[in-house]
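Asks: First the structure, which I've put down as structure tokens, then a few questions once you've had a look.
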Amino acid sequence: MAYSAKIGPSILSSDLACLGRECVRMMGCGADYLHLDVMDGHFVPNLTFGHPMVESLRKSVGPDPFFDMHMMVSRPEQWVKPMAAAGANQYTFHIESTTNPGNLIKEIRESGMKVGLAIKPGTTVEELAPWANQIDMALVMTVEPGFGGQKFMEDMMPKVSWLRSQFPSLDIEVDGGVGPDTIHKCAEAGANMIVSGSAVIGSDDPRSVISLLRTVVAEAIQKRSLDR
């Protein structure tokens, strides 16, 4: 199995006035990558930040942290080059937001970034499937995209299980309401990239929460390899 357990704090849950410092703190607490939510007020009702902020953040934290951009935007094609230039490592777009996923995947690759493809709770996993062999990561949303602090949707887990069974080496990410109380469901279903916002960043001891999440996922991966 080519995939491993990776934990990515969602930096939108941090104190935005100290974003660079918060990113450094999360990496120091053992995060494997940073998950950055870009919202445009169209695709989702909320508004966050764009590539100028990403560029500033990259300058602040240096070249090492892996930036996973979750592009909750209505025209993802528009921001590929600016995000690549700003220092993004992975460009995760929503299949619902484009009419030509194949073209966009090619464009992201050519810009030097990894490709993530996301689906909202109302989108079937079969809509993602035709592109699964062309992407680096599939993101199964476990809340409606747009706002933090929502309740984890356990009924999304069959999508994760199906993807893991069909594409055994694919990185599969879950995002929304994931923390110590819900991680076992995600790990058992086959998710290996875990986005966690308030459960990690709002914790008194982020290091121990990250460690717990990673351990649960790593044990599930090991069990799956033994069961094969």
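Each residue, glycine too, has its Cβ placed from N, Cα and C.
So TrEMBL has the following annotated:
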ACT_SITE  D37  active site, proton acceptor
ACT_SITE  D175  active site, proton donor
BINDING   S10, H70, G146, F147, G148, G149, G177, G197, S198  substrate binding site
BINDING   H35, D37, H70, D175  divalent metal cation binding site
Asks: Sort the recorded positions H35, D37, D175 by C-alpha distance from S10 (substrate binding site) and give me just the closest.
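Replies: Considering only the listed recorded positions, the nearest one is H35.
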Asks: Where D37 (active site, proton acceptor) and H70 (divalent metal cation binding site) are concerned, what is their Cα separation in Å, rounded?
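Replies: H70 (divalent metal cation binding site) has its Cα 5 Å from the Cα of D37 (active site, proton acceptor).
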Asks: Cβ within 8 Å of the divalent metal cation site's Cβ centroid: which residues qualify beyond H35, D37, H70, D175?
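Replies: Apart from H35, D37, H70, D175, the close residues are G8, S10, L12, L36, D68, T92, L139, V195.
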Asks: Pick from S10, S198: which of these binding-site residues has the biggest number of other Cβ atoms within 10 Å of its Cβ?
Replies: S10
Asks: Are there any residues at least 6 positions away along the chain from G146 (substrate binding site) with a Cβ closer than 8 Å to its Cβ? List them or say none.
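Replies: When sequence neighbours closer than 6 are ignored, G146 (substrate binding site) has M39, V44, P45, N46, M72 within Cβ distance under 8 Å.
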Asks: What count of other C-beta atoms do you get within 10 angstroms of the C-beta of H35 (divalent metal cation binding site), across all chains shown?
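Replies: So the Cβ neighbour count for H35 (divalent metal cation binding site) comes to 28.
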Asks: I'm trying to understand the geometry here, so how far is the Cα atom of the residue listed as 'active site, proton donor' from the Cα atom of H35 (divalent metal cation binding site), in Å to the nearest whole number?
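Replies: Pair distance, Cα basis, whole Å: 9 Å.
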Asks: Return only the integer: C-alpha distance in Å from G177 (substrate binding site) to H70 (divalent metal cation binding site).
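Replies: Cα-Cα, rounded: 16 Å.
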